[in-house]
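TrEMBL has this to say about the protein:
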| type | residues | note |
| --- | --- | --- |
| TRANSMEM | 43-63 | transmembrane segment |
| TRANSMEM | 83-104 | transmembrane segment |
| TRANSMEM | 145-167 | transmembrane segment |
| TRANSMEM | 208-229 | transmembrane segment |
Amino acid sequence: MYKTNWGIGHSLKDILEAHKGPFTGQGHKGLYEIFTTSWHAQLSLNLAMLGSLTIIVAHHMYSMPPYPYLATDYGTQLSLFTHHMWIGGFLIVGAAAHAAIFLVRDYDPTTRYNDLLDRVLRHRDAIISHLNWASQVIQSYGSSLSAYGLFFLGAHFVWAFSLMFLFSGRGYWQELIESIVWAHNKLKVAPATQPRALSIIQGRAVGVTHYLLGGIATTWAFFLARIIAVG
């Protein structure tokens, strides 16, 4: 596919520049020059690919052991998985670091207009403005919206807490009100309480109740605060 020293195949530069989609502007035009003139850009790409491949290897060695009798030694299997995951994680962190160095030192926005990389980078304006819009409720402390902000965070906690019951399949009631029982015993309100695990159906019922109440209250606090802020 790619051109060799004998002129057989296609030029990688031509392939990149011909790759234009309906929403990508100039497409990959200029990307070849970036990788041939910036060591940090090239190193970032290679580290990202190698790190991703290492993580895939970690998962496959764990879920589909390639060596005979490896699955019988769970300690070795888990160690291999952890080993490759750490390596892949470090490689991806290095990819992000060198990509940042490339953007600061080697990237020239005046010569890269409306190509795919420029369009991705320009998304930061929309993302930052959206985060500023969405975070107004969370950042409302000290303002007239502070009550809604606290209500939002509290209801969000209740909503997220419900997922433990919906996904756990155990439904231990101690996980929900163990601290309340401790307080009742401390205050002699309930001097004798027998710990007992809920059934799966009961645990699901508790989870669904908290899921609905938390979701409704979170949405209500967010939108009401937005309506008041906008006026």
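Here the Cβ of each residue, glycine as well, is placed from N, Cα and C on the backbone.
By the count of Cβ pairs under 8 Å, the stretch nearest in packing to the transmembrane segment (145-167) among 43-63, 83-104, 208-229 is 208-229. For the transmembrane segment (43-63), same-chain residues at least 6 beyond its ends with a Cβ under 8 Å from one of its own Cβ atoms are 35, 70, 77-78, 80-81, 83-85, 87-92, 94-96, 98-99, 102.
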